[in-house]
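Quick look at what TrEMBL lists:
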BINDING   B:H29, B:H67, B:D152, B:H156  Mn(2+) binding site
DOMAIN    B:4-75  domain 'Manganese/iron superoxide dismutase N-terminal'
DOMAIN    B:89-185  domain 'Manganese/iron superoxide dismutase C-terminal'
Amino acid sequence: MSIAASARSTLARASRAASIRSLGSVAAVRTKYTLPDLSYDYGALEPHISGQIMEVHYTKHHQTYVNGINDAQEKFDAASSPAEKVALTSLIKFHGGGHVNHTLFWENLSPVNKDGGAPPTGALSKTIDDTWGSLDSFKAKMNAALAGIQGSGWGWLVKDNTTGKLSIITQPNQDPVDTSKFTPLIGIDAWEHAYYLQYQNVKADYFKAIWNVINWKAAEKRFS
Amino acid sequence: MGGTYTLPPLPYAYDALEPYISAQIMELHHSKHHATYVANLNKAISSPNAVNTQSLIHFNGGGHINHSIFWKNLAPASSPDVDKSAAPTLMSAINSQFGSFGDFRSRFNAILLGIQGSGWGWLILKDDGNLDIIATRDQDTVPYGTAIFGVDMWEHAYYLQYMNGKAAYTENIWNIINWKYAEARFSGAGENDFTELKAML
């Protein structure tokens, strides 16, 4: 950049900042949401989830939710009437939910050689046993709930914020877990894009396989 | 297990819709997905006292009805049935109501791409004689009026070929819409399909 161009751009920034200040304190500049870092390689969950699925899921689907929530927020901020704002809430819920859900999902997965699939310990393990009898019977219940989703959605192991009890819930589409009631511990994406390239219509095999790469350490942190 | 409902044969070969829908997609979609809706519908009907029977009939019965219409409202690109001239009265209604076929198609695709999750987009003929474009979620059937044709927006309908590029799928599908069948449904042929099953949903 030439010195003149650099000066122009500095001026433009200063003038933008001034005009934002002049709107008063409510006109805070919204920070854009961004795709979170994946802490493992696309191929690191193989053979349970293919590298191709991980790459498309993270770089395309999750990115689209991030773009969607930023776009919807921008329109929301620019909307002048309550009616226009209300009309945008469905998009905010869908794309915002997609961003929240996928961010939790990447964190609750881990390669087999980095704790993936290693069973929970301590208080979480005990509560699962108390609730379902054993880890295996919990997995069977969760897989049945996932298989019963009629359309796109997610299955979650959640902790009730009031009672501390564990339960399995499913949510349609990208509806996020209601965190005023529950703390999500483990989420499993049951959208077809999460498994179709590898498992096609045999989604039961995907639900069985994913337990090999579930990061129970992350779940324990959320639990406590 | 009582086989009350059966998988209808596909009116063309699995590869007949290529290059717009791959043979692999068509084979899985028909022989696995649609077949599973039929099997689970029959299973639900034969266990009427299960706690979730009504929900299973609604979902799987809807899946059976929607896919049965879908296969027939598609045709190979080489067929004369995909020419819009095969639907003269429907085209005239589309033009007068939506301004032009291009405008209609853009509105239809916008509805398809706005679906948040699994679902279908439909051109319907309402009871007042007007056309409308609507989206239905999951395997819900068209709630009123008559379905003229539908486009499946479940990811299984396009993912193996288009992956996240669903906009390209919604563009390409217009090459294989069976306008002859759409015209027949516009003229009343769709009014009585699945009457008995629809009453159970």
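A Cβ is built for glycine as well, from the same backbone N, Cα and C atoms used for every other residue.
Overlay of TrEMBL annotations on the structure.
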| residue | record | Cβ within 10 Å |
| --- | --- | --- |
| B:H29 | Mn(2+) binding site | 24 |
| B:H67 | Mn(2+) binding site | 25 |
| B:D152 | Mn(2+) binding site | 24 |
| B:H156 | Mn(2+) binding site | 19 |
Other residues with Cβ within 8 Å of the Cβ centroid of B:H29, B:H67, B:D152, B:H156 at the Mn(2+) site? B:H30, B:H33, B:H34, B:F70, B:W154, B:A157
Work out the three-state DSSP category of B:H67 (Mn(2+) binding site). helix
Find the average pLDDT over the domain 'Manganese/iron superoxide dismutase N-terminal' (B:4-75) in the predicted model and report it. 96
DSSP helix, strand and coil counts for the domain 'Manganese/iron superoxide dismutase C-terminal' (B:89-185)? 48 helix, 22 strand, 27 coil
